[in-house]
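Undergrad: Below are the features listed in TrEMBL for this protein:
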| type | residues | note |
| --- | --- | --- |
| TRANSMEM | 155-175 | transmembrane segment |
| TRANSMEM | 190-208 | transmembrane segment |
| DOMAIN | 200-300 | domain 'Peptidase M50' |
| TRANSMEM | 220-239 | transmembrane segment |
| TRANSMEM | 259-279 | transmembrane segment |
| TRANSMEM | 286-305 | transmembrane segment |
| TRANSMEM | 358-383 | transmembrane segment |
| TRANSMEM | 389-407 | transmembrane segment |
| TRANSMEM | 427-445 | transmembrane segment |
Amino acid sequence: MQPSAAPTLSMQPAPLCLPPLREELELFSAPTAGDGQPNWTLHDPVRNSFFRIDWLSFEILSRWQMAEADVIVADIARHTTLRPEIEDVLVMASFLQDNQLLRTPPNSARQMADSVRRRRGTWFSTLLHSYLFFRVPLVRPDAWLQRHIGWVAPLFTKGFAWLTLLVLLIGLVLVERDWTRFTSTLMDTFSWQGLVGYGVALIGVKILHELGHAFTAKRFGCRVPTMGVAFLVMFPMAYTDTNEVWKLSQRQQRFKVAAAGVLTELVVAVWATLAWTLLPEGLPKSIAFMLATTTWIATLAINSSPFMRFDGYFLLSDWLDMPNLHARSFALARWHMREWLFGLGLEPPEYFSRRMSVGLILFAYATWIYRLLLFLGIAALVYHFFIKAVGILLFVVEMGWFVLMPLYKEIKEWPHLLNRQGKPARLWRPTLILLVAALILIAPWPTRLSASGILRPSESFPVYAPAGAQIARLPWANGESVKQGDVLLEMASPELQLRWRRAQVKLDSVRHQAELTGIDVQQRQNMQVLQQQEISARTELANVQAELAFYAPRAPFNGVVQNIEPGLKAGVWVSNHERLATLVAPGDWRVETYLDEDDVRRIKVSDTARFYADGDSRLNLPLQVTAIERDATRQLVNGVLSSAAGGSVLTREKHGKLIPERAVYRVTLHSAQPPPQQARDQSWRGHVVISGTWQSPIQGFARSALVLVWRETGF
């Protein structure tokens, strides 16, 4: 223990009188340090706070009633091998005063109130801390735990542990025999009923988790004053106050208390696995499944992490026997960073073995990176789940408090450290880092944009059946060339042929009647009617002949017949709008892709690109951007490019149409090099890599940030 400042005490030559200690403070033996030095734990029962102190601090406290610093120093030197100085006593007094462990002198109410007010800070600071983290005690379970500790005593025996292992083996064997039903139950949990069951199981197992900590601590004689719910950025988490485990002198006991919660959930999962195999279908079976699968996995994923102050942190702290692991590793990592940057030659905050020092420094850096990613995720969740105005404010608070504030505090210390050193600091490393960072952020870098695309011929003519028909003639095979105007295939429609015969018969009949008007006076009177009937018959015949032309499609350009439907031959019946073949023009092939608003700004016509087919890694073609649409696409026609089909365009379905979730723009690229002959009989989906304009990262970040702020603030 090395507090940093001396108390506000008189430094005159007269004997220095020390204020008395509070009478209710307690001292307990603690595990020895790694170097063999004895340790003790100082307990403040009023605030239920614990402080680990070293040998010298213990000797000073043991003689505190002597009330004079020089007398204490002399007595310690006389009766021990320690050689303390008066400064050590003053540092101890400062530590006791800062933590309110000294007896309050008379007429000091105003000073105490001012001290409390300074610690609380401003109303904004109080509100901010309450939003970021606060606890809600719900129960005082100590008496209840004491009454029921005998009921759970069998759960701490070796017999129960062996029984649980046996149940685990039986449960795994039974689940393996019914594996299909087990996996189908997993799919059923994604229903509303499954989510309700998961919520019930999660609440229940978290209560058992905390009771595991509480009963284990009580078993070792520790008091458990409160249990309740803590809120980390409004996210609820159960907690149990087990601070009194610091009274325990054996770290194995503290380790067991820290591990009890996770072990409780694992035991519940084992017995729930067996219960799932035995219970009938229904809600109890579903809850047993939840307890056997998802709840303990989530607990291990969260609670086992040592980077936050969860169970994993306390397990690691007890295993290393290092209280305040985060604070001590952070201090060592800050010292290492400052020495590496500036070469200040400062003493480390604590001395450890080289192996331990390296481990603590790496642990601190890993914790910082983990927390950075975690706080970024929390800030994003807060931003999205609150209303727009509140979400933006809370996002700024999260980023400022968790990310920017620690950086600001550290950088703020550097000038003081540099000015305090007698020798000149080493500045070439930070200068080099700043130059490299500036080069990376400010210098323009080549842009590579990737998106899904469709490769197909620049000009193609799909052949469809206009209605249900029979193939009459198929004169071409796959890969054969045709000229413009050639009939691609002939289809027969009995219905149209019947209509054609009827129209022809009607036209012949009208013509015959018109010929009789020259010799039949009565027919001459119907001449006008006959003319109208002839026009109607000719019109009907022309319509039928026009429809028949669709049953014998002709090539609109010179090309190659491809993609003839397998099994298509004369005599085969085809359905309405069935695709029969494709006429492909030789020459250029094109790729169609879609880019979002940010990416489309970074390309221009004539930019180069390359297409890589999904189905054949050997198929890759050079491309050139030939067209960029200026209007956003309202509907995605090519469904294979949607995210649901494995493409890059995020879409939602509305009235049977695919609507892009974000503004995307169609980009067309051409390839002067046709694909290999064996790949020309179909269209290919793949990904397009476009070489865009050069851009600095900070420029892209600034543009994206401004667009985001402009859009979300609703201006």
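FYI, residue positions are counted from 1 along the chain as it appears here.
Cβ atoms here come from the backbone N, Cα and C positions, even for glycine.
Source: prediction; values computed, not measured.
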Undergrad: So how many of the residues in the domain 'Peptidase M50' (200-300) end up helix, strand or coil by DSSP?
TA: 70 helix, 12 strand, 19 coil
Undergrad: Sort out for me which stretch, of 155-175, 259-279, 358-383, 389-407, 427-445, has the most Cβ pairs below 8 angstroms to the transmembrane segment (220-239).
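TA: Top-ranked stretch among 155-175, 259-279, 358-383, 389-407, 427-445: 358-383.
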Undergrad: Which one of these stretches, 155-175, 358-383, 389-407, has the most C-beta pairs shorter than 8 Å to the transmembrane segment (259-279)?
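TA: Comparing 155-175, 358-383, 389-407 against the transmembrane segment (259-279), the winner is 155-175.
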